[in-house]
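Among the features that TrEMBL reports, region 'Disordered' is placed at 1-23. Among the features that TrEMBL reports, transmembrane segment is placed at 72-94. Here TrEMBL flags 110-582 as domain 'Glycoside hydrolase family 9'. Annotated active site per TrEMBL: 512, 560, 569, in sequence order.
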């Protein structure tokens, strides 16, 4: 009989029934000794009871996918935690230890000049100045404007003085506000990036708040508006006024008459444009924006109904800011009214073929065609409406005249290029848009703005350039022209002089400006008392930061003489164009804001119906 050997082999068992327990035990011991044992079995037999008890049993960790020795697991986890704590400690030290970062690159020259150009508007403020006006030699002035007029007797405190005098001309002032607003609408992100957005909006509001005072802005229908405050005509005898006297605005004690008009389509439409454009700037402040739109509607309606120029022959307005016609203001104002309200009736006016004809859109042979000024808004209107065609393309019935405006905008841009000889250039490189007449820079900055802005329009529309006849020019050609003109103004000219006060090392020191030329020393100089400061050859005691002077002559010559306003007088309208050109050219990597100007315009076409529901059997 065979049994199973517990050591791994067969075991013969004989006489199982008769054998005693001792016999069986001895048989098993003999069988076990006769077999060869492996190492494990030998270790079990050789180890005594004490050895087995003293040996520790290994512990393991079950990780689910594998079983790991507990000691190895604990050592690995501890190592990882230690390394993590060490790295965290190093990072904490790196963050806490102060570092010297390389300074940011300095702003480009256009941005630097822009900061200064905006300060000129601070210096031109009339009325109670804000605490942080930033011009130490200016104070409250003309605090009785309007109220001191025995006929008008309503407050006209506020607004901006026009130039080196203290007259408030509503016509160029309105255009200046429109230009500032246009630049903010297009380049809001740039203004914000350089920290000037709040500043420029504050300046715009200073102007529009005043304009709202110059007519009954709460009414739907009006019959008159204020054209100007103050008088400059000296031909009627030695009567103290803003040109006969040379006084600081803070010291003025002579009467400042208010001039109103009842047929002034040009002024009304320009004021409407200013309020409409500003309403887009302030569209986040609904109450104020709505107030501006209401006033703009009343003004444009008044201008359309009561036809006439605001500057009749012999008037003070005609002597200083004569308007040649009001048709261009109808186009300009109508375009801004459409953008502000979305009402297509305004677009119909702005794109009426007869309106374009009267505005001079087809007078291509005119020597002033394409010259954008406070008097002629047609070139700006054409650029503005070309924008509409590029991005919204409203189609019939507007397409024909919009296409005409677009084509003529291309032609105007061609005329700015020296290769076409449409306008002369000085030897130093300045375009002579006013054909060699004095005070050229106000025209130069406006052309630079339109060229730079139009290049941004083309790029935003994925158009690399435009055609001048059979020749294709890239958008960089327009920017090159714009930069060349602004660079000339900032010092890249034969005299190496900056024509913006306070910019660069060499700039005009005898600016034709009453407030800047008379010391801020607590002494009040009367009507004629200030003339000793006017006639002196010394530099102005107060620096009129940011003022762009009238500019050089057609030979690139310039006389820094206070009494010659054709060289040294700055104006509100000129600086508005300068600000617009500078922000357009500033080296901030953002383009135009394509959509904000269209925020009030409803969808051009009906919304397509939703797709039909899925077919079900």
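Yeah, the Cβs are placed from backbone N, Cα and C, and that goes for glycine too.
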The most crowded of the active-site residues 560, 569, judged by neighbouring Cβ atoms within 10 Å of its own Cβ, is 569
Rounded Cα distance, in Å, between residue 512 (active site) and residue 569 (active site) is 5
Rounded to a whole number of Å, the separation of the Cα atoms of residue 560 (active site) and residue 569 (active site) comes to 10
On average, residues of the domain 'Glycoside hydrolase family 9' (110-582) score a pLDDT of 97
Cβ contacts within 10 Å for residue 512 (active site), all chains included, total 26
